[in-house]
Amino acid sequence: MGQIVTFFQEVPHILEEVMNIVLMTLSILAILKGIYNVMTCGIIGLITFLFLCGRSCSSIYKDNYEFFSLDLDMSSLNATMPLSCSKNNSHHYIQVGNETGLELTLTNTSIINHKFCNLSDAHRRNLYDKALMSILTTFHLSIPDFNQYEAMSCDFNGGKISVQYNLSHSNYVDAGNHCGTIANGIMDVFRRMYWSTSLSVASDISGTQCIQTDYKYLIIQNTSWEDHCMFSRPSPMGFLSLLSQRTRNFYISRRLLGLFTWTLSDSEGNDMPGGYCLTRSMLIGLDLKCFGNTAIAKCNQAHDEEFCDMLRLFDFNKQAISKLRSEVQQSINLINKAVNALINDQLVMRNHLRDLMGIPYCNYSKFWYLNDTRTGRTSLPKCWLVTNGSYLNETQFSTEIEQEANNMFTDMLRKEYEKRQSTTPLGLVDLFVFSTSFYLISVFLHLIKIPTHRHIKGKPCPKPHRLNHMAICSCGFYKQPGLPTQWKR
């Protein structure tokens, strides 16, 4: 009994200690909150800006996302697919293997005097390089409704390939008058393969683009491969875009079944733990760059990014070399069948049209991405657009960079939420929901002030007596019935 009395005597001292602890805790919280408010109110950012403005630039966006870029070296792809490039607006090249290629020249000088092309005879006598000729055949078969054979001349003396197409659209009137001719079709195919300003659209008649040029001939010849490409880097995209348009009616599915599958990693990242790495042979100025499964998984979910197309091409090239050990001709035959599983031809055509319209476009050679300095995760690289032959300045697409940073932050929050949900017991979540609901209901009940007893109007509180609706109490203290009452809390 004495212990109980002692305990109750110490209660005021205990309460004083608790109050001291509460005051100390609240003081610490207030100081921390004040420091946070000062850090986020903008004054420190303003002071930093005023101190560094005009002296230093930063590649950090949204405080945590660092801006990087990479340049792809597509010269290694020539083992399995033709690469095209331009020396200038009139001289264009296709590289096949490491030593040979085709030169496509827009010129006003004819090199073949006759007007016929006996291709079947050359094929029967095996006069030409089959790999080169298959590329030429792809170009020729892409010309719509070719039936004017006088528009084409060829010569295969001693294995030398010489093909000459006649062009006749030097001005707006000629282009309009000959819009449906073979020459217009030749120029349209050439314009789709090489993003060149030497050919321009003069008009559009019933959906057919009428193309004009100052040149009279398109000449295709085989050539030894040198360092021709000064105007543009070697790229397979032009030739592959022709292939995809020719074959899309026959290969409807975008996934090549059988020998190769083009899933870079599955949704959980089991195929390639750590993502996908670009090696020295694929990059310019870098030895190695890896992208995690978070970025690469987006390539498997959708077929709508230029960088994903390039990864598929590099992956195709690597697997073809390691598994097939094929010669050039066999590789070209394989890429003919696989093209629709590798690239999105709609993306290629969209970028081509953007170039023709003078809008910044993607040339598939340079990409930018963001790196999260906290987690080390990277975004899926996006194409660094080109206009007037040069890459855009970083400030010209800063809005897209900010949006990508926002997307990465949102994706991080979503993943953290999913992770938290997966590690939290379901019963604990139910208990939290019940306790929160109970608390909100109790607050509501407290706010509505439910009455607890009756008063006689104009009289003081009758407690501890409990009046009934007749204003009387069974103890007899209130015994005058019929007085007006009201509920009170």
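Keep in mind that glycine also has a Cβ here, set from the backbone N, Cα and C atoms.
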According to Swiss-Prot, which candidate in Cys461, Cys473 joins His453, His455 at the Zn(2+) 2 site: Cys461
Swiss-Prot annotation, disulfide partner of Cys154 among Cys117, Cys210: Cys117
Cysteine paired with Cys299, where Swiss-Prot records a disulfide bond, from Cys290, Cys308: Cys308
Secondary structure content, the topological domain 'Cytoplasmic' (452-489) (per DSSP, counts of residues): 0 helix, 8 strand, 30 coil
Residue among recorded positions Asn108, Cys229, Asn393, Cys461 with Cα closest to the Cα of Cys117 (disulfide bond): Asn108
From binding-site residues His453, His455, Cys461, Cys473, Cys475, the one whose Cα lies nearest Asn371 (N-linked glycosylation site): His453
Near-site residues: Zn(2+) 2, ref His453, His455, Cys461, CB cutoff 8 A to centroid: Arg454, Pro462, Lys463, Leu467, Lys488
Inter-residue Cα distance where the pair is Cys85 (disulfide bond) and Cys383 (disulfide bond), in Å: 19
Spatially closest candidate among Asn118, Asn166, Cys299, Asn363, His465, the listed recorded positions, to Cys290 (disulfide bond) (Cα to Cα): Cys299
Site of maximum Cβ density within 10 Å, from recorded positions Cys154, Cys290, Cys308, Cys461: Cys308
